[in-house]
Amino acid sequence: MAYRHTLGGETYSFETLKDLLAAASPVRSGDQLAGLCAETDAQRVAARYALADLPLRTFLETALVPYEEDDVTRLIVDTHDSAAFARLSYMTVGQFRDWLLSHEADTATLSAIAPGITPEMAAAVSKIMRNQDLMAVARKIRVVTKFRNTIGLDGCLTSRLQPNHPTDDLKGIAASTLDGLLCGIGDAVIGINPATDSVANGLALLEMLDHARQKYDIPTQTCVLTHVTNTIEIMNRGGAVDLVFQSIAGTQKANEGFGVTLPILQEAYEAALSLKRGTVGQNVMYFETGQGAALSANAHHGVDQQTVEARAYAVARAYNPLLVNTVVGFIGPEYLYDGKQIIRAGLEDHFCAKLLGVPMGCDACYTNHAEADQDDMDTLMVLLGAAGITFLIGVPGADDVMLNYQSLSFHDILTLRSLLRLKPAPEFAAWLERMGLYDSVGERMRALAPGQTRLASLAGAA
Amino acid sequence: MSADITPLPSAGGQDVTGQDDWQPLRQYTRARIGLARSGNTLKTPDVLEFQAAHAQARDAVHTPLDVASIEQAMAGEAFLRVNSRAPDRSTYLRRPDLGRRLSEGSRAALPKGDWDVVFVAADGLSSTATQQGAVPLFAAMRERLSGWQIAPLVVATQARVALGDEIAQTMGAGMVVVMIGERPGLSVADSMGVYLTYAPYVGCPDSSRNCLSNIHPHGLSVRAAADKLAWLMREARHLKLTGVGLKDAAPEGGAIGSVDRLS
């Protein structure tokens, strides 16, 4: 059945639900590359009108990626909570937007309906929402997760400390870690992207991080972002695994491109749970996602990149993750061309994930071949901060010398916390104070040289 | 100065004695550690330093390959000139598929021959890197490959790695070496990568390539890269393959990899 809308005397027709969703999406280079983008602005708005009139139920009746072919579709359909969906079942996509923005849809209500929302419903409603709508609704949603501290509380902004090094030099990583901790960064996780993706290297890096965490009694978790199969092997060998990491995407084929299946994730999840390393909770998974991942693996099944991205959050939520983040500007300008597209995508990803009940953070970032710069990242971080983002990623001076791209600096996150009066996770904030790094009277991080703190020996500094 | 009387810490890395604790740690990492603070944020010199590095990286992406300078470096020797189907940089960045295929005119201009190998100097994402490293590496390879039938150098613009497949297929070359500018980072904007593919064809998978990366004045030298590449090429000819099978046969890990991420 085709979807139609008449605008300005012209009738626009959209063959399939996939076509309708793609045409309703804001312009982005990835959909253009896939040949899915609306051809004119008028066609895009006509698609949005048609989408707004569509009953939400449609997404339960029409699979974008066939159930028989794709285990992500099966996961979405088989775990759908029809009781939670009941109060939404009479709504169209347009009515759903209005309801989400209404005062009636408060924090408790939004939590209650999350299991009744599918990724496709979230993606669909996001396409008829402006940036401020995406922020206003996400701001109302609380997703609280716990391991050695509490993440996602109202008034808090946590952060991942990313001390990457091009050759995984332990002293170099320790120096970057020290720098981050002195800026109050690292409460979400201290997480390294290893340059060498091997079991032996993962073990060595984890041992170093775990030693430092225990020595200074830091109430946080550490992670080496190696492939899930490596992490399973590291756990088998008794390595210090707090969190299992994996990049995931929204289709079975795209996940296979990452070398991962749902049973492998389940195996890793159960293994990490059995370690019982969390002190205040047992959310043990950490996932990264990003628009364009499925298309770059030629595994998007003709679905627009934002919708297929939202499907990855259904994978994430099946494993009760501590953290999930979109790597929004990392995948490149062939998917998100410039600052405007990156900013919009960051807000969409955060909104859709939160609506599904996923603890969403963001690597607010860009590559040197994208049309973006630090001003765009300033804008994105403030918008995400105002929208209640779970965590942001920080690297020394915003320059990741291993992955060769720019994220936020530790200083940027300090600025954001100050601008929006956001605090670190409470356990971590108390630790910063105990260590004399936080000035509770002035309500700010002290600017201290390593030698003036008890952390100096972490990196062998004076 | 009050600091003489009251030992308050100054903002950032330096303590009151003026000693910078971070300096000894910088030998371990090129990361921008220990940047001083002004309030919560960065000091002026660090803000500008970052912008300068970003500008350099962007210039490397957007400055067109200077074909005249390559001509000069070739010292009168003939070379071939092709363009991908991406007519300009903006299209190139959005449409990787177009950067992998030859423009109609370019394909017609390529001669067919009985060549063992064709070398392609491709702009990729850093024309600076290609301009600096491609001709010297080509020359170094010819010294090392005596007895090989080597096609004239092909200079390719708006080119991705896979453009070499169509070039080699059109010319009838047995393997292709694509020397291409890598995606620039803030610390290195002139790094060149080299991709070797045996019996290439349009649409051949990235897993069938081998690569050497990080070729620039502060990374892998042209000479060292040439030695590694010559070994790879001889082995490829012997084993009749490139890719994972060849990587596994390499005597040392070194910089020899199979392909994880293409520009």
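Positions of Cβ are set from backbone N, Cα and C atoms, glycine also.
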Problem set entry | Site-mate of A:ARG160, A:LEU161, A:GLN162, A:ASN193, A:GLU288 for substrate in TrEMBL, selected among A:ASP78, A:ASP81, A:ASP363 | A:ASP363
For this session: Write down the one residue from A:MET91, A:MET381, A:MET402 that TrEMBL lists together with A:PRO194, A:GLN246, A:SER296 as binding adenosylcob(III)alamin.
Result: A:MET402
Seminar exercise, completed: The largest Cα to Cα distance in Å among the residues A:ARG160, A:LEU161, A:GLN162, A:ASN193, A:GLU288, A:ASP363, listed in the record as binding substrate, is 15
Problem set entry | Per-residue Cβ crowding (10 Å cut-off), top of binding-site residues A:GLN162, A:GLN246, A:SER296 | A:GLN162
Seminar exercise, completed: Among A:PRO194, A:GLN246, A:SER296, A:MET402, the record's adenosylcob(III)alamin-binding residues, the widest C-alpha separation in angstrom comes to 22
For this session: List the Cα distance (Å, whole number) between A:ARG160 (substrate binding site) and A:GLN246 (adenosylcob(III)alamin binding site).
Result: 16
Exercise. Which ones in the same chain are close to A:MET402 (adenosylcob(III)alamin binding site), with CB under 8 Å and 6+ residues apart in sequence?
Worked result: A:ASN164, A:HIS165, A:PRO166, A:ASN193, A:ALA195
Seminar exercise, completed: Most isolated by CB count within 10 A, of the binding-site residues A:PRO194, A:ASP363, is A:PRO194
Exercise. So around the substrate site, A:ARG160, A:LEU161, A:GLN162, A:ASN193, A:GLU288, A:ASP363 aside, which residues have their CB within 8 A of the centroid of those CB atoms?
Worked result: A:ASN164, A:VAL189, A:GLY191, A:LEU225, A:ASN325, A:ILE393, A:VAL395, A:SER407
